[in-house]
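The feature signal peptide is assigned by Swiss-Prot to 1-22, with sequence analysis given as support. Per Swiss-Prot, domain 'Ig-like V-type' is recorded for 35-154. Here Swiss-Prot flags CYS56-CYS136, CYS178-CYS249, CYS202-CYS223, CYS276-CYS351, CYS300-CYS321, CYS626-CYS637, CYS631-CYS646, CYS648-CYS657, CYS692-CYS784, CYS760-CYS776, CYS791-CYS834, CYS820-CYS847 as disulfide bond, drawing on similarity to another entry. Annotation comment: Swiss-Prot describes 256-353 as domain 'Link 2'. Under the heading O-linked glycosylation site, Swiss-Prot lists SER413. Look at Swiss-Prot and you will find 428-440 tagged as compositional bias 'Polar residues'. Swiss-Prot lists 452-467 with the feature compositional bias 'Basic and acidic residues'. As annotated by Swiss-Prot, domain 'EGF-like' applies to 622-658, with the evidence given as sequence analysis.
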Amino acid sequence: MIPLLLSLLAALVLTQAPAALADDLKEDSSEDRAFRVRIGAAQLRGVLGGALAIPCHVHHLRPPPSRRAAPGFPRVKWTFLSGDREVEVLVARGLRVKVNEAYRFRVALPAYPASLTDVSLVLSELRPNDSGVYRCEVQHGIDDSSDAVEVKVKGVVFLYREGSARYAFSFAGAQEACARIGARIATPEQLYAAYLGGYEQCDAGWLSDQTVRYPIQNPREACYGDMDGYPGVRNYGVVGPDDLYDVYCYAEDLNGELFLGAPPGKLTWEEARDYCLERGAQIASTGQLYAAWNGGLDRCSPGWLADGSVRYPIITPSQRCGGGLPGVKTLFLFPNQTGFPSKQNRFNVYCFRDSAHPSAFSEASSPASDGLEAIVTVTEKLEELQLPQEAVESESRGAIYSIPITEDGGGGSSTPEDPAEAPRTPLESETQSVAPPTGSSEEEGEALEEEERFKDTETPKEEKEQENLWVWPTELSSPLPTGLETEHSLSQVSPPAQAVLQVGASPSPRPPRVHGPTVETLQPPGEGSLTSTPDGAREVGGETGSPELSGVPREREEAGSSSLEDGPSLLPETWAPVGTREVETPSEEKSGRTVLTGTSVQAQPVLPTDSASRGGVAVAPSSGDCIPSPCHNGGTCLEEKEGFRCLCVPGYGGDLCDVGLHFCSPGWEPFQGACYKHFSTRRSWEEAESQCRALGAHLTSICTPEEQDFVNDRYREYQWIGLNDRTIEGDFLWSDGPPLLYENWNPGQPDSYFLSGENCVVMVWHDQGQWSDVPCNYHLSYTCKMGLVSCGPPPQLPLAQIFGRPRLRYAVDTVLRYRCRDGLAQRNLPLIRCQENGLWEAPQISCVPRRPARALRSMTAPEGPRGQLPRQRKALLTPPSSL
């Protein structure tokens, strides 16, 4: 028994010896150490864009050595550790300091070397990527010591817009929107700090100082940075408080608990609201979700939020969740980042419960990827270029299209679109069929080029890949801004055909576009317009009115002839005969050339034709009755002996031109004999002009100061006008043909800056609408203009055809030329003119068979007796009846 006890005692002594020996060695080491570095905190929190002091003090364990024993200053080194990276921030010895270039002007040792025991670091302009571990090391002689602390930078900047439209907030509305989602409007310093941390967003948004900016990491043709070709925060400067933009919001603290609710079958928006209320919570706001993501929340499950959006936070992205970048992902209906899912679709929900412990979120929720097969992001770049420095640039753009794919088909989907703002990246080769869930409609769409990039807090990363996409149920509609009545709804998609039926709805500042070769769109209750267009994506008009069916392709004008022999006319083949009108035939004919004679000139006194509205004669009480002009609607006042007379522009009549004889089409606005329609969709000058021509119009021409004020005040955007010098440098012409009778150039314009191809003209609305010449490939909004009176397609003749491609409408005084078919000879005048009453002149051309060469030689025979012509020649010169 005793030997057993002795052996156990010996074993116990042996096991305790190493620990005791280690403690003795540690105690001896501490006694030998001259000093110890202490930070005194396990974690520090800083605010985005602010400054943070990281304390670090040197505690001497024995009296410090004399200067003779340890000459010089201690060496101080601060190091940043994040993952596997270790970066020197600062190294200092006395007055000699070496700072890493990435931290230049941002770090300092405020007390050192005046105090050798205080080596605290101050880090300013905090960025999101400043979060990590900071290590403080001090070395003096042969002694050294170090300590570390974790730093967390809280606060996140994100772009916010409501689902109805882009650029919908005034400055006051932007502040209210951020407050409504549990955030506040960001400051310029916060946005700049987010940019320095890698944030990029190609959308112009309000900031707290009433400026409009957006951050760009990779300048490109779609989005420029601080300067031409350089990254930075693009700054529009201080703009008017009533201008409309998106807003950059800032969220910081989450004063409560945010958790994911994922019941079986998922929830509609109203069911999601009730789900949170039953658990003593409420639907989380967008700002709260961003704050939770900034605090570490990672959920690969789209869920409802209070504003009707569907989002999910990703910290660790993967191919099936988030693409390749972290951030809060948002599901949109349309490529221009608008349209939230229908509230009848089913998703999970993010709930928020107030708590006494801030910055807490539930980790005990259901699995992160419950029921989620994949999250696919489909993106197409929307091109937008900046304006030169003199004319503040146009709004920037982005394009993000996120579609969840679920097993039960209830996760929602979307209608693919082809953004007209990016015509330079055709992707017709990347097409595939879309597989719909059970019970939903079928659609054959076009898969856009994919980028693994979402709406928020990440840098774009392109990756071409095709995926199968679900289609949104037919109940979905495109949300419209407040005050707009009707909605667009999609129905069944037909098999491949050659037309796209499109429906116009109530006027929208940015009308949606439906893409696909065969999309059938149902018209909502009320009036609308229905147009048949060729295969391809076309813009849905926003006008309302009685239905109008047209079969003429809306294509660009092309040189060449188009036969009018076959096919019925779109208008009745009747016209009012008005007799022969002599028109000078151009010496050099050009196929498809339209000759305009200035119908858009309102103030120019032009003698009316027989069919024009002359107006009456009013008795003048005294001279000078034309100042101010009593004539309405752009009429010209002429003083006469017995009074004055008003010459009315086409479409108006009456003594004072106050009687409307013609009216603009639905969706077009009248002014002084012309109709105008504004498009907020950004296009290059050539694309905008082509779109206007497809509508039977042109980019607006400005012929009077009154017209300048109308266009600039009515449509308060940077916009193209029809003026250009694309043909001859310095020779500016209007695209619709009238002479240049009025100018409103900015000082120093046009300048064709360094011959950089500034051949098109933009109206800068905030500078009283003054004009500047800019490159034609900028993407701006535009206004189309057509005459109040116009003619339809020209009369069809069986043996003749019109030069050029027929159009839907022709302006008054447009002159067209017929030519006879091959083998026929032309007789009589081949020209017709569009009259002021909207009818074409009666064609006078006659086409007869050509005579053989022998018959032509006989025509040159000498005259017969008494000066008479040969009978055969006389018969040939007898004009035939009109064909």
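Using the three backbone atoms N, Cα and C, a Cβ is placed for every residue, glycine included.
Annotated features, which come from Swiss-Prot, shown on the structure.
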residue	record	DSSP (3 states)
CYS223	disulfide bond	coil
CYS249	disulfide bond	strand
CYS300	disulfide bond	coil
CYS626	disulfide bond	coil
CYS631	disulfide bond	coil
CYS648	disulfide bond	coil
CYS657	disulfide bond	coil
CYS784	disulfide bond	strand
CYS834	disulfide bond	strand
CYS847	disulfide bond	strand
So what sits near CYS276 (disulfide bond) in its own chain, CB-to-CB under 8 Å and at least six residues off in sequence?
GLY261, GLN282, ILE283, VAL349, CYS351, PHE352
Of CYS249, CYS626, CYS834, which is closest to CYS776 (disulfide bond) if I measure between C-alpha atoms? They're all disulfide-bonded residues.
CYS834
DSSP says CYS637 (disulfide bond), in three-state terms, is strand
By the DSSP assignment reduced to helix, strand and coil, which category contains CYS692 (disulfide bond)?
helix
CYS202 (disulfide bond) -> DSSP, reduced to three states, gives coil
Can you tell me the CA-to-CA distance separating CYS820 (disulfide bond) and CYS637 (disulfide bond), as a whole number of Å?
44
Between CYS178 (disulfide bond) and CYS202 (disulfide bond), what C-alpha distance do you get in Å?
19
Which same-chain residues, if any, lie at least 6 apart from CYS834 (disulfide bond) yet have Cβ under 8 Å of it:
SER790, CYS791, TYR810, ALA811, VAL812, ASP813, THR814, VAL815, TRP840
Please report the number of other Cβ atoms within 10 Å of the Cβ of CYS847 (disulfide bond).
23
Going by Cα-Cα distance, which of the disulfide-bonded residues (CYS223, CYS626, CYS631, CYS637, CYS648) sits nearest to CYS760 (disulfide bond)?
CYS223
Give me the count of other Cβ atoms within 10 A of the Cβ belonging to CYS351 (disulfide bond).
27
